[in-house]
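Right, one structure below, let's go through it.
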Amino acid sequence: MDSPQVARTLVDSAGGTAAHTREAIRQIGVPETAAFLADELAGRTETVTIRHAAEVQFVFDDRYAPDAADPVPWTFRVGPEGVTHRAGALPDPGAVVTQDLTELARSLYGPAADRSDATRTVWWRDHDDPRVYFDPPPVFPAVERLLAAADGRDVPGLAGLALRHGSDKWGIHTYTAAYEQHFAPFRDRAVTVVEIGVGGYDDPAAGGGSLRMWKRYFRRGLVYGVDIADKSRHREPRVHTVVADQSDPASLRDLADAIGPIDIVIDDGSHISAHVVTAFSTLFPRLNPGGLYVVEDLQTSYWPAFQGAYDDDTRTSVGFLKRLVDGLHHAEYPSRAGRPAQPTDRTVGSLHFHPNLAFVEKRANSGHGGISRLREAT
């Protein structure tokens with residue numbers, strides 16, 4: 001399996017029973033699953049309170065499976081600068097954490113209510129040394145940080161995640177509060193997120209901060225970064241990049257066909273009005289009911305260099321979105337208005353505007369309108 005398939009298989013199975021998760025692990029492979037979970041655990045571990053680095057051995061155990069495989073040890077180095085990890089055991093570990101692979105996968109990728117540490121054990125090398133009671137060694141907080149990540153006890157906000165991962169969504173832009181307002185119901189779901197625009201322009205190594213931010217925020221999510229340039233260097237577990245052109249409907253349709261149903265689209269691409277309209281017109285129909293389509297940096301809709309204008313021209317990004325507001329009330333138009341039906345009239349359920357930022361919700365909107373006698377009166 002490739003990385004997106006592994007991620008989808010684990011996330012989907014973790015939403016079912018433990019038997020489903022065990023079967024998924026068998027399909028992926030025990031060592032491969034352990035490596036995937038080690039990457040996830042390292043990425044979620046918060047180290048801001050760590051003062052001294054320490055190494056911890058984490059053993060991914062499979063003893064509870066009917067056809068148990070050998071345990072898989074990994075080594076984590078937890079320090080003030082972050083977390084690194086590698087396959088293999090330590091010769092003389094200060095601490096050994098052991099946990100069932102299925103249980104840990106379900107804790108990391110399943111619903112919050114299904115988290116468990118019932119199979120976990122922690123062995124301390126110096127447990128019989130009375131000095132550790134008065135002078136705790138660095139391995140103590142290192143283990144605590146890893147377990148906090150495994151148990152979901154660290155829930156960072158988007159502003160902090162944006163700063164940590166180098167996303168521009170907080171700072172000059174102050175989008176994170178609006179994102180948290182609208183994305184909160186999705187945070188514990190197995191969502192598919194598509195962001196147009198990886199960042200860094202043509203530099204294959206630059207950008208990617210927002211993709212990593214979304215990965216950390218949506219702990220069960222799969223994140224796809226779409227860019228006209230090759231950004232494959234930013235691929236990692238649960239983050240995939242795709243080369244596509246947001247101005248080309250065929251390119252976007254191929255993208256949607258490959259990804260499957262989408263829950264959230266974030267357009268942080270070229271910001272050229274024609275491209276924004278094309279991307280919305282192509283991808284909004286592929287959005288799941290209840291999903292959100294987000295358009296960033298709407299200030300460019302007023303700038304001629306981005307095909308913008310100051311009026312309500314529907315060819316601009318803001319003008320196009322204003323037309324969607326009319327579509328919300330499509331059932332209230334008098335027949336004499338002669339308003340042509342739009343493809344989005346019955347599928348846009350709400351719009352939310354913030355400075356330079358808009359959220360469009362996909363939801364059935366097939367109301368019959370108010371009292372026709374009053375609507376048609378002159």
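Backbone N, Cα and C define each Cβ position, glycine as well.
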Cross-ref Swiss-Prot: S-adenosyl-L-methionine site GLU195, ILE196, GLY197, VAL198, GLY199, GLY200, TYR201, SER210, ASP227, ASP245, GLN246; candidate in list ASP154, ASP168, ASP268 matching that site is ASP268
For GLN246 (S-adenosyl-L-methionine binding site) and HIS271 (active site, proton acceptor), the CA-to-CA distance in whole Å is 10
Checking the binding-site residues GLU195, GLY197, GLY199, TYR201 against ASP268 (Mg(2+) binding site) with a 10 Å Cα-Cα cut-off, in sequence order, leaves GLU195, GLY197, GLY199
For ASP297 (Mg(2+) binding site), the three-state DSSP class is coil
CB neighbours within 10 A of ASP297 (Mg(2+) binding site), counting all protein chains shown, number 20
For GLY197 (S-adenosyl-L-methionine binding site) and ASP297 (Mg(2+) binding site), the CA-to-CA distance in whole Å is 12
Given the Mg(2+) site ASP268, GLU296, ASP297, its other Cβ neighbours within 8 Å of the Cβ centroid, in chain order, are HIS173, GLY197, ILE266, ASP267, GLY269, HIS271, VAL295, LEU298, ASN356, LEU357
